[in-house]
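Novice: Below is the structure I would like to discuss, written out as C-alpha cells.
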Amino acid sequence: MEFLSLLYVVPALYICFLIWKLYDQKRDQECYILDYQCYKPTQDRMLGTEFCGKIIRRTKNLGLDEYKFLLKAVVSSGIGEQTYAPRNVFEGRESSPTLNDGISEMEEFFNDSIAKLLARSAISPSEIDILVVNISMLAILPSLSSRIINRYKMRHDVKVYNLTGMGCSASLISLDIVKNIFKSQRNKLALLVTSESLSPNWYTGNDRSMILANCLFRSGGCSILLTNKRSLKNRSILKLKCLVRTHHGAREDSYNCCIQKEDEQGRLGFHLGKTLPKAATKVFVDNLRVISPKILPTRELLRFLLVLLFNKLKIATSSSKSYSGGATKSTKSPLNFKTGVDHFCLHTGGKAVIDGIGMSLDLSEYDLEPARMTLHRFGNTSASSLWYVLGYMEAKKRLKKGDRVFMISFGAGFKCNSCLWEVMKDVGDANVWEDCIDNYPPKSLVNPFMEKYSWVNEVEDPNNYDLPEFLK
C-alpha cells in the first residue's frame, strides 16, 4: 500500500516542482525600467525663429519657390521655437561637417544623459551587463558603444550591441534585444542609449522631399536603465507587458518612401516620399492586428467579432447596394483601444503623423496632448522621441500605479514597432520638462514663422524682392 502511495506522490511532487520552476523562471524573465534620462542640449543650441530664417537664407541653393515651401512646411509642422540643433549649424558649417562634429555631438549627449541616469539610480557603470546603442545615421570606428565603455570604464565582459540604420523606430528594436536577452539570462542590468546624429546629416540642397527632414528633425536623446532582477522590482517604474515589431521592407513602395540618398546634384539627404502616409498606414494596420489580442480585454475582442459578423451579414443581404456612390472608406479602427490602454505614447514624427494615429484609434485631444507638446518643445528627436512623450506624461503626473501605456513608433524600412507598459508605482519626475512643464499646454501652438515671413507668399517675381534686414 505504501509503495502504491509513493507511485502517486512522487510523480505529483515532481510535477509540482516543474510547475514551480517554470513560474520562478518566468519571474526572472520580466523586463523592468528602473529609470530613464532624456537629454536637453544647452541653451546656446536652441533654434529661434530668426535664427532659422538665417539658416534658410544662407542655403544658397534655395529659390523663391523653396522659401514658400519651407514657410508652409515649418508653420504646419507643429514645432515651436525651443527645439535644438547641432553646434556646427550655429557655427555656419552645416554644409561642410566633419567627422568630429558628429562624434562631439554624441559625446556631449553621452556625458550628460548617462552620467545623470547612473548617479540618480545609484548604479555603478561596472554593474552594467548589457549595453545597447542605436544611432542610425552615424557609424564610426571604434563604435559609439566602445566610446561609452571607454568613457565610463565598464567591465570587459559587458555584452554590446551597436545598431545603425534603424531609423525613428530604433529604441523599441533595442528594447526587443534587451527583452530577449532577459529571457535566457537572470539578474542582469542593461543600459539602452538612443539618439540621432544630425551634425553630418543636414541637407543643403533644394529637393523638397529632402528639405522636409531639416524642418522636422532636432537634437535629442535618451538613456534607459533596464533590469530583470527580482530584487529591484520594487524600484522599477515600468514593466514591459508585450512588444510587436512589423517590417514591410519587402514592399518596394514601403522600402523607398523613407530613405537616405543623394539628390541630382550629389548632395546627401534624407528623402521622405509621397507614398510615406500610405506605407505608414499599411504597416500600422498590420502591427495593430498582431498586438490587439495581446493588449485588449476579451470583452472588447468579442464585441469586435460580433460587429464584424453583423457587418458581413448586412453586406450579404444588401448586395444591390454599391460603393460607387461616393462613400469614403473610414480609417478609424473598429476596436476601442481605450478599453485596454490608459495612455498613448506616440512617435512625434510630425503633426500629420500624430493626427493620423489619433484619427485611426479615435483618440481625444487629452490623449494626443503629450505627443503634440513634445513635438512643439523638442521636435522630432528620432528614436528617442517616445521617451520625451513619456516624460511629459510623468511631469504632468498622469502615470499612476497599474496604468497601461501604449507606445507606437514608425521608422525607415518601412516599419512600425509598438509595445505595452504597466506602471509599477505612481511617478512624477519632471525630467527635462522641469523648467517648462507649467507652461504646457500653451494657449496657442501657432508658429511665429508665418507672422515674420508671410510676405514671401505675396512675392510673385523671384528677381524682385527684398529680404528683411536680419536675414541679410
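Keep in mind that glycine also has a Cβ here, set from the backbone N, Cα and C atoms.
TrEMBL annotations: computationally assigned, not manually curated.
Annotations per TrEMBL:
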type: DOMAIN; residues: 24-312; note: domain 'FAE'
type: ACT_SITE; residues: CYS168; note: active site
type: ACT_SITE; residues: HIS247; note: active site
type: DOMAIN; residues: 341-422; note: domain 'Beta-ketoacyl-[acyl-carrier-protein] synthase III C-terminal'
type: ACT_SITE; residues: HIS343; note: active site
type: ACT_SITE; residues: HIS347; note: active site
type: ACT_SITE; residues: HIS376; note: active site
type: ACT_SITE; residues: ASN380; note: active site
Novice: List the Cα distance (Å, whole number) between ASN380 (active site) and HIS347 (active site).
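Specialist: So the alpha carbons of ASN380 (active site) and HIS347 (active site) sit roughly 8 Å from each other.
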Novice: Write down the Cα-Cα distance for HIS347 (active site) and CYS168 (active site), rounded and given in Å.
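Specialist: Their Cα atoms are separated by 8 Å.
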Novice: Could you state the whole-number distance in Å separating the C-alpha atoms of HIS343 (active site) and HIS376 (active site)?
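Specialist: Cα of HIS343 (active site) to Cα of HIS376 (active site) measures 19 Å after rounding.
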Novice: For HIS247 (active site) and HIS376 (active site), determine the Cα separation and express it in whole Å.
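Specialist: Pair distance, Cα basis, whole Å: 29 Å.
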Novice: Just the number: how many Å between the Cα atoms of HIS347 (active site) and HIS376 (active site)?
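Specialist: Between the Cα atoms of HIS347 (active site) and HIS376 (active site), the distance comes to 13 Å.
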Novice: Neighbour count, 10 Å Cβ-Cβ cut-off, for HIS343 (active site): what number do you get?
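Specialist: Its Cβ shell of radius 10 Å holds 20 other Cβ atoms.
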Novice: Other than its own, how many Cβ atoms are within 10 Å of the Cβ belonging to HIS376 (active site)?
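Specialist: Here the count is 22.
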Novice: Give, as a single whole number between 0 and 100, the mean pLDDT over the domain 'FAE' (24-312).
Specialist: 91
Novice: Select one residue from HIS247, HIS347: among these active-site residues, choose the one with the most other Cβ atoms within 10 Å of its Cβ.
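Specialist: Highest number of other Cβ atoms within 10 Å: HIS347.
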Novice: When you measure from the Cβ of ASN380 (active site), how many other Cβ atoms are you left with inside 10 Å?
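Specialist: There are 25 such Cβ atoms around ASN380 (active site).
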Novice: By DSSP assignment, list the helix, strand and coil residue numbers for the domain 'Beta-ketoacyl-[acyl-carrier-protein] synthase III C-terminal' (341-422), in that order.
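Specialist: Breakdown, helix to coil: 38 helix, 21 strand, 23 coil.
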